[in-house]
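Pulled from Swiss-Prot:
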- 1-86: topological domain 'Cytoplasmic' (TOPO_DOM)
- Y19: phosphotyrosine (MOD_RES)
- S20: phosphoserine (MOD_RES)
- S23: phosphoserine (MOD_RES)
- Y27: phosphotyrosine (MOD_RES)
- S36: phosphoserine (MOD_RES)
- 87-107: intramembrane segment (INTRAMEM)
- 108-162: topological domain 'Cytoplasmic' (TOPO_DOM)
Amino acid sequence: MGLETEKADVQLFMDDDAYSRHSGVDYADLDKFADSGSDRDPHRLNSHLKVGFEDVIAEPVTTHSFDKVWICSHALFEISKYVIYKFLTFFLAIPMAFAAGILFAILSCLHIWIIMPFVKTCLMVLPSVQTIWKTITDVVIAPLCTSVGRSFSSISLQLSHD
């Protein structure tokens, strides 16, 4: 139990024969991990999802748990986050990708074959509608507004103090 002044790196060490090297993550050396494969998020769509232990669990300076408890909870957090993510992606990634593919195919089809032809048709018809609307405005609405304006402009009020 003590005051920590530096951010500690977490590493999980296991024997090579008991654990596969390709399924473990070395959190202390992120540069090696990032360069090991192709970038799966080149446009940084999920850069806000990088949640660390310190972002979730934080102890104020005045109250600290035992160092061993802090280290074990940190390791358990990282391992559970890693294992649960792998488990969920194993069962959900393919069905979700399939559903997203179907959804985007439907949206693309609707956009290409229904929405854009409708928009183009409206844009072709709009000049005719604009001409008709201008005629209705000039024939009906403009004289009506002019008459009402002249009627109200002839009204005068005089106030007297009695």
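Cβ atoms are placed via backbone N, Cα and C, with glycine included.
For the topological domain 'Cytoplasmic' (108-162), DSSP puts the residue distribution at 46 helix, 0 strand, 9 coil. In the predicted model, residues of the topological domain 'Cytoplasmic' (108-162) average a pLDDT of 91.
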